[in-house]
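Pulled from TrEMBL, these are the features on record:
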{"type": "TRANSMEM", "residues": "B:6-28", "note": "transmembrane segment"}
{"type": "TRANSMEM", "residues": "B:74-97", "note": "transmembrane segment"}
{"type": "DOMAIN", "residues": "B:74-515", "note": "domain 'Cytochrome oxidase subunit I profile'"}
{"type": "TRANSMEM", "residues": "B:117-139", "note": "transmembrane segment"}
{"type": "TRANSMEM", "residues": "B:151-172", "note": "transmembrane segment"}
{"type": "TRANSMEM", "residues": "B:216-241", "note": "transmembrane segment"}
{"type": "TRANSMEM", "residues": "B:253-275", "note": "transmembrane segment"}
{"type": "TRANSMEM", "residues": "B:287-309", "note": "transmembrane segment"}
{"type": "TRANSMEM", "residues": "B:315-337", "note": "transmembrane segment"}
{"type": "TRANSMEM", "residues": "B:358-375", "note": "transmembrane segment"}
{"type": "TRANSMEM", "residues": "B:395-415", "note": "transmembrane segment"}
{"type": "TRANSMEM", "residues": "B:427-449", "note": "transmembrane segment"}
{"type": "TRANSMEM", "residues": "B:481-501", "note": "transmembrane segment"}
Amino acid sequence: MTRINKQKPGKIVKPGEDFEPWESHNPVPLPVIWIAVALGIWGTALLLQEQDSKVVAQAEREAGEAAAHDAAEGGAALFLANCSTCHQPNGAGVRLAVPPLQDSEFAKAGPGVVAQILLRGIDGPIRVKGFTYDGHMPSFAEALDDAEVAQLASYVGARFGGGETVLAPAEVAQLRMTHSGSGSWQGGAELASLVADLPPQPPMPATAEAGLDPAISDLIFAGKGDVWSCASCHGGLGQGAENTPRLAGLSQGYITKQLHDFRQGERHNEHMSFVAKGLDDAEIDGLAAYYAGLRVDSTAQPALGGDLARGEQIALQGDWGLGVPACFSCHGPSGFGVGAEFPALAAQQPAYVASQLAAWAGGHRNNSPLGLMDRISEALPEADRRAVSDYLASLPAVPAPEPQAMARIEGGEDEL
Amino acid sequence: MPITMGLLLALSFVVSLLALAFLIWAIATRQFALDRAHAATVFGKGGADGPDTDGTHLFDTTGIDKVSARPVRLLILGAIFWLVLGSVFGVIASLKLHWPDWLNMAAPLTFGRMRALHLNLVAYGWLSQIGIACMFWILPRIFRTPLRAPHLPVIGFWLWNIAVTLGALAFARGWTDGEEWLEFPWQLDMLLVLAGVFFVVPLVKTARAREVDHIYVTGWYYLAAMVWFPALFFIANLPGIHYGVEEATVNWWFAHNVLGLWLTPLGVGAAYYFIPKIIGKPIYSYSLSLIGFWGLALFYSQVGIHHLIGGPVPTWVVTLSVVHSVMMFIPVIAVAINQHVTVARNLWAFKESLPLRFISFGAVMYTLASFQGSIEALRSVNSITHFTHYTVGHAHLGAYAFVSIVMFGAAYHIMPRMMGREFAHPGLIRLHFWLVVLGFAIYFFALTIGGTLQGLAMLDATRSFAESVILTKPYLEARSVGGTMMTLGHILFAINILGILRKPRAVAQSAVAAE
Amino acid sequence: MNRYLPLVLIALGILAFATLMLVIAPGVQIAQHAVPKGLNPYSEQESRGREQYVSLGCVYCHSQQPRSPDQAPDVERGWGRPSVAGDYVFDQPHQLGTMRTGPDLLNVGVRLPSESWHLTHLYQPRAIFGWSIMPAYPYLFEEKAEAGPEDTVVVLPKGFGPESGVVVARQAALDLTAYLLALDRTYPVPEDALRDDGYADRESGS
Amino acid sequence: MSSEHHDDAGQGRSAKRLIFAAGGGLALVAIGALMLEAGWVPGWISGRAPAPDVAESAYFQPPSEAEIPDGPFGEAVKRGRDIFMNTSTNAGDYVGNGLTCANCHLDGGRQPMSAPMWAAYGRYPMYRAKNDQINTMEDRVMGCFTFSMNAQHSVAGGPPPHGSDIYRDLESYFYWLATGAPTNVLMEGSGFGKVAKTELGYSPERGEQVFAANCAVCHGPDGQGQTDANGRIVFPPLWGPNSYNWGAGMARIDTAAAFVKNNMPLSQPGKLTDQEAWDVAAYIDSHERPKDARQGEMTVEQTRQRFHDGDETYYGQQVNGALLGVGTPGPERPVGAPELPIGPTPLE
């Protein structure tokens, strides 16, 4: 570079190599001070404002904790939250479908019997007040703790049976021990051992103990060359986790349809397409039958930070302002599912339900009949999708139906 | 507990604010003001009577430069070697993001290792070394005295490069500490610290022996960086005491301070020196320099946890970092006025001087990167940009468009003066400039747009995760194009520098092979 | 400014203060919280797998820190509840990550609990996800003419495996998978657990 | 020298402009970001979902369940609601099929265009041509039991007698739903609405296809509805012995078409075209169902002339070679009557 030490008029002055930088003394421009003051105020305000966040979040977490163990306090609230969708708020049941509690032989037998029914659920015909019912009641052993079962059983015994016995949580714990791993009560016939003077109960129908085809069993537990085993993702009992769905107790028709849809690209999921393409029709039928007949307690818990009260409202009543009918108006009054098109929702993994609702809303899933779920999911805001998913996860698991129970209403039949 | 933490939080911010207020008050009441007599001392004890009206001051630098020449030359050479190697790894990593099955036969070639190699080689091999080279060039000059103990930095150079080489080999073998910016195994970190001692000691000695009373602003940044970085590096690399989330806070406290309290002072300091040096006019305002420097120290030191917004760390730490990130507007505006006003008043120099073109482009990028950084730290914006390629774009805006490009200019400025001869092919410098600027523009806009779209997709539950991956692919391809252009620029840079190091009139192409 | 020592000392003092605020204070606060019930130390195999995870640089694309539903829909993607400080006490080095080029993995062991799925996916991600940009890790596997009795054979669709013979997992792949399957932070956390709650009031405020 | 000064001044101005322009731009960006952070940016820019609008509906908004008052009146409202939602249990003696009130009066009698009770309540007493007299609300509900709930096959064999508590409770519920509603006004959303007649008229043959495509998924291909595992009716039967009888309003094709058009498929009202609504209504109402409760000893033809003359109905017509209106065979025992005991009979 050239060195120009002398200025030439009219020409730009190039600096000399010997120039070393220094600072002149212009004052700080006023706007810089303003900005500094303004940012200082903003920062202080933000700090003050965000102090509240932690309190709010802690409250949310606390609510979540409580929700996980059911917020309801006291027998009446527990009854409304857990029993009333089926047995109705007045305990009258539903004619020809859900037995009444009011004055029923079992409520009259006292809270001990009620607690044992709550802990194990019922899975077989039962006769109450002169009527025979199919008798599919879920177990509440997972959903309620000892104190809650005690409160609820005492409440039911007192309100509907007219007794005065109060059950202690310790007694429930004892009962829980006695009955752990026993499965559901096999209808009124088995319950008869608990209740003296019970009117005769219908016999358990002989269920053909259909052995599991070894090929299907292999598929479920070991997989085959180009297919992972079902159980490796959905769990040994088909209980699912996070956004892997619970399969136990979904109807055979539903599972079959979904597997076919995956295979044909009607429903999109990379994992399941991979699997379904490796299955033939017979295998699909065998798997569907297996999972439809599985009876497994719920492993799902509300986990999405959803508002359970709002979720309950959507599930039970819907939000007609948004054009969303109650979930249960199609999926059955207890979320047990209806037919091949309306899967069971009770105890489904919340992340799975939420992800499916989101997929419908985003147009990634579109195998719902008539586009019913597409429209409904689009209408639900994000918080509502989480709320309803969490609520459904809080419900006890669906007892897997027997095939004949899925039959349509037979008009003119005797029992009607 | 919440009360104590709230108090702590408030305390910290209030301390920063009070310090800033004190600074402004001090400036306003001329506590720091240099009077005319003070200013006179700036220009050398034995020197002139005062600043000339045209701002030209004469003193003999030849003796000073001669002493620093050897370490500076070695450091620049080492830096360029790692720059080229590091950028090649960067391009490979970038290509792997859209050609995932390419170069996949062995573990050392996998994306995770290529990316770690790229980051560490350019951070420790290139940026740190070239920055230290500038220190050795600039500090003796502004202290008006030759470098003391000039053989020590040569030892430091070899230790440093051995450490970086061993680090690179360690990564390839999969031996890493496993935290971003702290991948070097801690044993090698200690080697780097040792090398650092060999750099710091001569500079401190030089500072103590300085021939001027006043320390020019570049000196503040350099002297502070020289104590900040070793402290940071040592604490963050202490083996065995950090775990879990506490380790994550250390990780990001360190990683962001490496940028803020090491690379930024290196870059800003160099820009503060070379801009007025090339233009031949003083910096706009001493007061703004003060605000810029102390604001950086006060606010930048506490911004690191904005990398963990929405993460498993206490709310108050995150909020603290968010607020301090936004407060960074103040020093950044101060530095921006100081540097850009000086350049903007002398736009002719921009056309005249190629090094200034690099440096002032880099200085503008510093302003932009800092603005972007402050805004990115806001919770609402961060929700979109966090976890996406946008952040990578931002990191390159800071570390590349600002620091690296300033350093290119610095090297182009230093080399002719050190070697006493001109570059053989100024056209190649121009080509280098346009390659890196255009390459970077492609790189940055691709990642910024792609990252924003990716972030929006991830925030929308109704869009599958797959969508957030698929939509970024064209932007990732564009990024590879930009990155390749930048790497070509670096090869030209290497050719230019090696060319001037060889005998005069040497042919550029053979220079590469010769080295 | 014309004095060297005050400059350096004040600069160091400011850094020390920042260290106190960003490192020591949160460190003390985090240390006061007990290890959550439900979190177990990694087994020997899982630790080896974790070393693989670290050394292959998985963290550069995968975060391990689900965000709260107030901020982002991470829970709906099955990534798990928002993580808290206690979830990481056994993690060294931490692998929180800053990129989601791939999905969050803190609860991948719950979300994708299948060992054979992971082996397929590690061997060739594009066998499952055609769009995936994750690297394949063929060097964690070996091809054999026939699987031995101890070998874990990788499930592969046609076109992704070797022409003949089988692909079996090396120990490194099994270790890495064991680590991935161990990633499970779905246990409940106490309400005073530590995390960034700065987004919490946004929803309720609107 | 002078020219240099000139240059400097000019450069100073352009530099100032440059700095102000760039600085101003950056400042705007920063201010925008801070506003976004503070939530002061309108939702359509920031993309943040606005708070959902409550009650944006043009229709009257009845109170929500949570607002049911305490005390005896609230108890009556709740009993009324329980009867409305679960009629076959809570008024079981008077229900001879599988339906509940809420099957047609959707959302517990709240949904506009599905004969919401808040709109109906204020309109009674009213003259109705159907029975050619002034009807009170009680009379009207009695008609519902008689026809829609097919009370002739119930245990009681007919609707609840005048003065029954069932009416009190139901009317309490309606009254409460109509809280704040105007009286003596035909409110928006009342009844099922109307569907304009179409050029093609209606045809059960076309309707069969519409039904298969849009209705069968819920109501079953045979129209007999579906139950859950416990046998609880989820989708009501649309014809046959377990559905409404020939005297019900829904047995008229125009009424059914309006209901279908404005409410079906559930969650997608208005999905079907007018033509499809007419056709599918015709298809549904061209099936046999329990006989008209008013028929008594009359023949179908006499009943048709007396009660169905001029109606849009297949009652008394030949469809597919069979006379409609004869009724499905009555049940052996009244619907819901206690079963025969098992084994040795204890006293019920």
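Glycine too: its Cβ is placed from the backbone N, Cα and C atoms.
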Long-range environment of the transmembrane segment (B:253-275) - Cβ separation under 8 angstroms, sequence gap at least 6: 123, 127-128, 131-132, 134-135, 138, 142, 180-182, 216-222, 224-225, 228-229, 232-233, 235-236, 283, 289, 292, 296-297, 300-301, 303-307, 335, 338-339, 342-343, 355-356, 359-360, 362-363, 366, 398-399, 402-403, 406-407, 409-410, 413
Are the transmembrane segment (B:117-139) and the transmembrane segment (B:395-415) close enough to be called in contact, which here means at least 3 C-beta pairs under 8 A that are separated by 6 or more residues? yes
Under 8 angstroms for C-beta pairs, at least 3 of them, ignoring pairs fewer than 6 apart in sequence. Is the transmembrane segment (B:395-415) in contact with the transmembrane segment (B:74-97) by that rule? yes
So which of B:74-97, B:216-241, B:287-309, B:358-375, B:481-501 has the most C-beta pairs under 8 Å when paired with the transmembrane segment (B:151-172)? B:74-97
With the cut-off at Cβ under 8 Å and a gap of six or more residues from its ends, the chain residues touching the transmembrane segment (B:74-97) are 103, 109, 111, 114-115, 117-118, 121-122, 124-127, 129-130, 132-133, 136, 153-154, 157, 160-161, 164, 168, 404, 407, 411, 414-415, 476, 479-480, 483-484, 486-487, 490-491, 493-494, 497-498, 501, 515
Can you tell me which parts of the same chain pack against the transmembrane segment (B:216-241), counting only residues 6+ beyond its ends and a CB-CB cutoff under 8 A? 42, 135, 138-139, 142-143, 177, 182, 184, 186, 189-190, 192-193, 196-197, 199-200, 203-204, 207, 250-251, 253-254, 257-258, 261-262, 265-266, 268-270, 272-273, 283, 286, 289, 292-293, 297
Ranked first among B:287-309, B:358-375, B:481-501 for CB pairs under 8 angstroms with the transmembrane segment (B:315-337): B:287-309
Taking the domain 'Cytochrome oxidase subunit I profile' (B:74-515) alone, what is its mean pLDDT? 90
